[in-house]
Amino acid sequence: MMAVDFCDYFWGEEHNGWNVLYQNMRLGQTATKELTDFFKERWSIDETYAKSLNKLAQRVGGGSGVAGANVISNLERWGSFAPVFAVLRSASEQLASVHLSVVAKTQEMVKEMNRYQELTHRKHKQVKDEESHTEDLVKTIQATGGLAQKAKETYSQRCQDLEKVRREGASPKDVEKAEAKLRKSYDEYKNLLDKYNNIREDFERCMTVSCKRFQDVEDHHLSRLLHSVREFVRLLGSSSEAVLQIQREMQMQFGQHSVLSLLDAFALSRHTGLEKPNAMVFEDCGSLGSGISEQQSPDLGSSGAAAAHSASSLHHHQQATDHHSSKSSAEDMAGGGGGGGVLAGGFLRSRRDRKKEKKNKKKKDGADTTSN
């Protein structure tokens with residue numbers, strides 16, 4: 001592309017080139033402010049989005065504290081799906097971090113733009129002071145050109161009036177009047193043309209300098225704004241790459257989760273025991289036992305084991321009672337009897353009971369003799 005030279009494009013009969021260039025320079029301040037406001041708005045959007053992502057991450061994250069306690073808390077909150085929420089939380093926090101990084105860098109860009117805006121304001125004030133002479137020349141040549149155009153029209157009209165008077169055969173006095181008006185309009189027109197041409201030479205020289213000065217200002221201005229926009233585009237590109245990396249990591253992490261892996265993680269984290277409970281057995285704590293519990297075979301059911309143990313205990317108790325009863329009777333017969341004896345098992349028996357037993361025994365012996 002060929003280089004543009006303002007000196008070739010901002011002339012014209014109405015001499016508006018300088019005004020166009022000056023207004024364009026002033027609009028540079030407006031463009032700078034608008035670009036700064038754009039960066040501010042984008043920074044606000046990213047900041048709000050980052051805060052929302054962090055809030056969302058906290059919502060699915062469970063809270064801070066001991067890692068193991070968080071795992072248990074999340075399992076109690078979401079069950080076996082809790083590891084997936086952990087991935088979502090991590091991704092949300094990373095995305096929030098990316099957007100906060102964009103916010104920080106955009107804030108730096110805004111500071112630079114504010115400094116540039118101040119420099120631009122001072123530069124434009126300096127340019128306006130330097131261009132004051134050219135500005136005056138523009139106003140003068142525009143005014144002179146306008147007067148010269150009107151003088152030209154007046155002179156043309158006086159020429160037509162003189163020809164008309166001569167054609168109609170007017171009196172010499174009328175012809176003389178028309179010629180006087182014509183000479184006056186001619187002198188005015190000629191003087192204005194000379195004045196215009198003299199101003200034009202100075203105007204062209206000053207306008208050429210002004211075009212170069214305005215172009216230099218515009219070159220620097222456009223370079224500065226384009227640099228800022230390129231920096232912003234690179235910032236967005238780097239943040240987009242970071243977001244894509246987070247997305248790839250999410251896909252990899254989700255690929256590690258399946259129904260079986262989630263069930264396995266839940267079982268390992270929340271298991272309550274690896275062995276089945278044993279059968280419950282009856283434990284004898286009475287005075288008849290030895291004081292040591294006799295365990296039954298775990299193969300028996302709880303009700304069957306209890307019943308078998310109860311029957312065995314009753315059998316042993318009956319045998320012990322019979323043995324001690326017979327022993328006590330023999331001792332009573334050998335000793336001649338007292339007021340009473342002590343039987344096995346701690347029960348007292350009266351003399352009347354002993355006589356009754358003897359009587360029953362005699363009857364039994366008599367019955368046996370008769371049968372023989």
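For all residues, glycine too, the Cβ spot is worked out from N, Cα and C.
Look at TrEMBL and you will find 4-274 tagged as domain 'F-BAR'.
Counting residues 6+ beyond its ends, the coiled coil (175-202) has Cβ neighbours under 8 Å at 137, 140-141, 144-145, 147-148, 151-152, 154-155, 157-159, 161-162, 165-166 in the same chain. For 175-202, the entry in TrEMBL reads coiled coil.
Residues or ranges marked as region 'Disordered' in TrEMBL: 292-372.
Positions annotated as compositional bias 'Low complexity' by TrEMBL: 300-313.
Residues or ranges marked as compositional bias 'Gly residues' in TrEMBL: 334-344.
Annotation source TrEMBL lists compositional bias 'Basic residues' at 349-364.
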Confidence summary (mean pLDDT) of the coiled coil (175-202): 92
